[in-house]
Each structure stands twice: as C-alpha cells, then as structure tokens.
C-alpha cells in the first residue's frame, strides 16, 4: 500500500493532550510514522536568533508528557520543567539557531523555512512524516503537512515549540550579559517599549536585526515615535536562506541541540 497524505479529518483540532495524541496516532496507524513536529520561535523579534526545533515523539511516550501544550500557553516555569522531560522521552530532537545577521541576509520567512528543513534533516531518526506549525515546508524528502495552530493540535509540534522557546530564552539571557542595557533577559529581543527606549538610547548592537524597520531607523539616525513597530522591512525576505548555529565554543548559553532518547 502506498503511503500518502492523511485525510482532512486527521488535522481537525481537539482539545488537550487527547487531541494531540489523536492526530499523531492516526498517522502512525496509517503507516506514516515516525512523525516529526517542527516549530520556530523568534520570527517577530528584532534582536537575537531565530530558533527552530524538530521533535519526534513515539506513540507510547506522549502520555509521559501530560503537561505538554503550546509553549505560548505555558508559564516559563512550566516550560523549564517540560524541557528535560521532552529531551528524555523524545525519540529524537534537533534545535537550529539562525543568527540575526543570517536572518537579515536571507529574510525572516525564507530563513524560517530553511531552518525547518535543517531541523528535520538533523534528527537522529528519519521521520516518515512531518507536521509543521502553519507553514508549508517545501524540499523535505518525506511527506509533510502544515497544521494551523499546530502547537496546540499535535504533541510533536508542541514539544518542538517548547524546545525552541526554552533554547532561545536561555540564549537571550546570556546575550543580556554580553550586551548590558538592552534588557534582553526580560523582553527576549521583542519590540517592547522598554526595548525601544534602550535601542534609541544605545543604538543597535550586533544582535539586532537591521532588516527590521525600527532597528534600521535608529541605525540611520531617523528614529521616531514609530520605533516600537518592530516589523521586518517588506523589501527584505526574498533571498535564499541559510543557517547559522551556536556552539559551546561560540556562546555560553548554547545547550545540547541534538538528542536521541536512550534505548532507542
């Protein structure tokens, strides 16, 4: 029997972990496993890396992550508790860090898609199917499906979102020590009023994305009250993508970015 795309009923959202298990279980029953979820964090930030994670959860391991949910709905404390559990129970996971300079050169959206491809390619276990959070990911060597609100609909995407969020937050805390005064540990590089004031006062640092309008205005000396917009320049984002990675030698905040659960 030829493996093919799942029927539309597979991607219907149901509440809670039960709904997350339903989606992946259907794919496994159809012979399409292992199923990988992929998600990103940091698209809208005007400073810091774009972080993309891919995660494979075996069908028998999702129950061990009862607290799993969309990372945006979880408190920082809950995410930190889930992070080591996901690393422990995941069949495989991989986290990719794309630095600000790379985002500027490639563009936010295209860098994000390339990051998703690289995250999937870095998995220690080759998935039979990939679920992405909202974005179609062309160029994957296996079938894939974008799921709107995927981090609340599929456990593997939710797990990837937690891995990406915690990884990025830890990097931003370390960058706060490297670049004092911007408040990276608090706002994580997003365009809050406090960040905008610090940016206007100190000017951009190497971690800022010059493709974002507010950063470009400050850098050019034309800072205005609109500096808090924090949106990428629409003229950017059409070039090819690439990927940069943090390593232990290049940054103290970097953690083990690739994993495979023991005994798998």
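Glycine is treated like the rest: Cβ placed from N, Cα and C.
Swiss-Prot lists 33-224 with the feature domain 'RNase H type-2', giving sequence analysis as the kind of evidence. Sequence annotations record features per position, and here Swiss-Prot assigns divalent metal cation binding site to 39, 40, 133. The feature region 'Disordered' is assigned by Swiss-Prot to 222-264.
Residues within less than 8 Å, Cβ to Cβ, of residue 133 (divalent metal cation binding site) and separated from it by at least 6 positions along the same chain comprise 37, 38, 39, 40, 146, 147, 149, 150, 151, 157, 160, 161. Those same-chain residues not listed among 39, 40, 133 yet with C-beta within 8 angstroms of the centroid of the divalent metal cation site C-beta atoms are 38, 41, 52, 53, 116, 132, 134, 135, 150, 151, 157, 160, 161, 164. For the binding-site residues listed here (39, 40), the lowest count of other CB atoms within 10 A around the CB belongs to 40.
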